Amino acid sequence: MYTCLAIDDEFPALEIIIDYIALQPKLKLLKSYCSAPTALKEIENLKKPVDVIFLDIEMPTMNGLELARLIKHKTNKLVFTTAHANYAIHSYEMEADAFLLKPISQAKFDQVIRRLFQNPPNVQTEKANDYVLLKSDEQRNRFIKIKLDKIYAIEAQERLTKIYLEHEIIFSRSSFSEALALLTKNKGFSQIHRSFIIAESQIKTLERSYVILNNNHRISIGRKYLDFYHKMSMKR
């Protein structure tokens, strides 16, 4: 059985998670908490990590994001729960394994548990640093999950961010600076112009003033970013 903890300052929401855990034969609830400080004090004293922590984000005194930074080493998997979809991007930054949007249905909860603990043999688990979450252009309070190895380049536009993928172009309401902060956390992405971020692995041709990507997209290297040319020249 997989051991778990549940933390939520709202008891009705906590009860729902407790009930869903009880219906999962593979899960064993060790303890639940309505207080983040109490949870922190006890979890810090755990002798070994639990398998999964279900953690609410919006809590008084200490929110779930702050608590996660302090206890993430005490769990193998972290699942955020919240009523606010805009926290999804923060859950990505914390490298959470899943994100449950309230009100949480049993079907959605069960789906997350299957994904976390029933991976088929020889299939590698998708890690948080394999993808990026950006705001959807089509639906408010929704995010699009994009695999990093499919991204060729990202371009700043007036109101949207343009994302060049392997076989398509999509748009996001995330700002260029938000995309830059997320992508440059991962090795392999660089800003080469005030309006462009590129995937270094997609460079086909490198010149002092421009690059050509594998999709034949030519992008100028801005004067401020000539260090990029020197860095890549050393690697090639």
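Just so you know, glycine gets a Cβ as well, placed from its N, Cα and C.
TrEMBL does not curate its annotations; it predicts them automatically.
What TrEMBL lists as domain 'Response regulatory' is 3-117. If you look up TrEMBL, you'll see 142-226 marked as domain 'HTH LytTR-type'. Feature annotation from TrEMBL assigns 4-aspartylphosphate to ASP56.
The Cβ of ASP56 (4-aspartylphosphate) lies under 8 Å from the Cβ of ILE7, ASP8, ASP9, GLU10, ALA13, LEU14, GLY64, PHE80, THR81, THR82, each of which sits 6+ residues away along the same chain. Helix, strand and coil content of the domain 'HTH LytTR-type' (142-226), in residues and according to DSSP, is 18 helix, 40 strand, 27 coil.
Averaged across the domain 'Response regulatory' (3-117), pLDDT in this predicted model comes to 90.
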